[in-house]
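Asker: Copying in the features that TrEMBL gives for the protein in this structure:
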type     : residues                                                   : note
DOMAIN   : 11-308                                                     : domain 'Amidohydrolase-related'
BINDING  : His13, His15, Lys99, Asp246                                : Zn(2+) 1 binding site
BINDING  : His15, Leu16, Arg17, Asn41, His136, Leu218, His250, Ala262 : substrate binding site
BINDING  : Lys99, His136, His174                                      : Zn(2+) 2 binding site
MOD_RES  : Lys99                                                      : N6-carboxylysine
ACT_SITE : Asp246                                                     : active site
Amino acid sequence: MQKLTLTRPDDWHLHLRDGAALKAVLPHTVHQFARAIIMPNLKPPVRSVADAAAYRDRILAAIPAGQRFEPLMTLYLTDNTSPEDILAAKASEFVKAVKYYPAGATTNSDLGVTDIRKCDRVFEAMQQVDIPLLLHGEVTDPEVDTFDREKVFIEQHLAPLKSRFPKLRVVLEHITTSDAVQFVLANDTIAATITPQHLLFNRNSLFKGGIRPHFYCLPILKREEHRQALLQAATSGNPKFFLGTDSAPHTRSSKETSCGCAGCYSALHAMALYAEAFESVDALEKLEAFASFHGPDFYQLPRNTDQITLTKTTWRIPDEVPFPESGLVPLGAGQELTWQMARY
Ligand code: NCD
Ligand code: ZN
């Protein structure tokens, strides 16, 4: 196959940041995707509908002239989020979901939830008005091994949450384990996003010939058997699994340091990365539904009607793209890809 034409996809988990960083990365997303679920972990986080409206305006203002893109906003859940905030979100029409970060789990999560049970009144309201809950599904207990934090979250927090709120629609974000795949498959109202890094790389990539900070994201890359389980889920055609890049830009200097930030930058070449992953298991024909149908169906939004085309061309992922301060290193920098989006 030399050309791959798909219904235009959407990115159901994206970090755009703000200010000059937002301006630097947004064109990459807009080139490929019509819409994206925008993560609220700014400093300070997007906690209210008013915060989300202001952030949405800044995103709209940063869209390159003549292009179209719809940011789908989320609220950052804290111990102080109220049921009234949920009703306001539902009434807003542009807030599409609420994001749960366990306090301290990842980048800019200090104001996240300290105990998930504290949010039961909020979850009740979300279940009632049918707003999806997006989960960063990792425990933060320092006693729990980093590589087990997703599995333990599912057992200790997600399974009980599902029993308390059986109708609450949940997206387990950026799943990384076969345990997560099994849990999603077994529970009606749960879906999951899958990133390109977790489809293409296992944890060996973190240590190949030395420590490789640009493969460090959270949840961390896992063993090969888990990568295989994710590939199987993504290419299964099951509508519970859909595209969410978790593209999370950090400056080169904040990653190449003694205590580097978590996050992989994939917005530059996301569709080429996913095409590579799907082709590796001979499942390119399943890419369109994963990238363009399952997400809007879950969010009860119309599917896009225009198309994108990727061509079979070998090209090298650049070592760096322009970004404020010290530049931005894309996922897999220096490696070759065999699919490419039409040029800018
Ligand atoms: C994200 C970021 O940098 O905002 N980092 C990451 O490793 N995925 C936060 C998150 O989604 O965990
Ligand atoms: Zn994320």
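Yeah, the Cβs are placed from backbone N, Cα and C, and that goes for glycine too.
Automated prediction, rather than curation, is the source of TrEMBL annotations.
Context for these features, please: burial, neighbours, distances.
Answerer: Mean model confidence of the domain 'Amidohydrolase-related' (11-308) amounts to 97 (pLDDT, 0 to 100 scale).
A simple way to gauge crowding: the CB of His15 (Zn(2+) 1 binding site) has 24 other CB atoms within 10 angstroms, across all the protein chains here.
Listed in sequence order, Thr106, Thr107, Tyr216, Cys217, Leu218, Ile220, Ala248 are the same-chain residues at least 6 apart in sequence whose CB falls under 8 Å from the CB of Ala262 (substrate binding site). DSSP classifies Ala262 (substrate binding site) as coil under the three-state reduction.
His136 (substrate binding site): 25 other CB atoms within 10 A of its CB, across all protein chains.
Long-range C-beta contacts of Lys99 (Zn(2+) 1 binding site), restricted to its own chain and to partners at least six residues apart, with a cutoff below 8 Å, comprise Met39, Pro40, Asn41, Thr74, Leu75, Tyr76, Leu77, Leu134, His136.
Residues near Asp246 (Zn(2+) 1 binding site) in space but far in sequence (CB under 8 A, at least 6 apart, same chain), listed by position: His13, Leu14, His15, Glu173, His174, Thr193, Thr195, Gln197, Cys217, Gly263, Cys264, Ser266. In this structure, Asp246 (Zn(2+) 1 binding site) belongs to neither helix nor strand by DSSP; it is coil.
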Asker: Filtering His13, Asn41, Leu218 (binding-site residues) by proximity to ligand 1: which pass a Cβ cutoff of under 6 Å to any of its atoms?
Answerer: Asn41, Leu218
Asker: Consider only the binding-site residues Leu16, Arg17, Asn41, Leu218, Asp246, Ala262: which of them have a Cβ under 6 Å from an atom of ligand 2? Write none if no residue does.
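Answerer: So the answer is Asp246.
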Asker: Other than Lys99, His136, His174, which residues of the same chain sit close to Zn(2+) 2? List them in sequence order, counting a residue when its Cβ is within 8 Å of the Cβ centroid of the site.
Answerer: His13, Met39, Tyr100, Tyr101, Thr106, Leu134, Leu135, Gly137, Glu173, Asp246
Asker: Where the record says His15, Leu16, Arg17, Asn41, His136, Leu218, His250, Ala262 bind substrate, what is the longest distance in Å from one Cα to another among those residues?
Answerer: 19
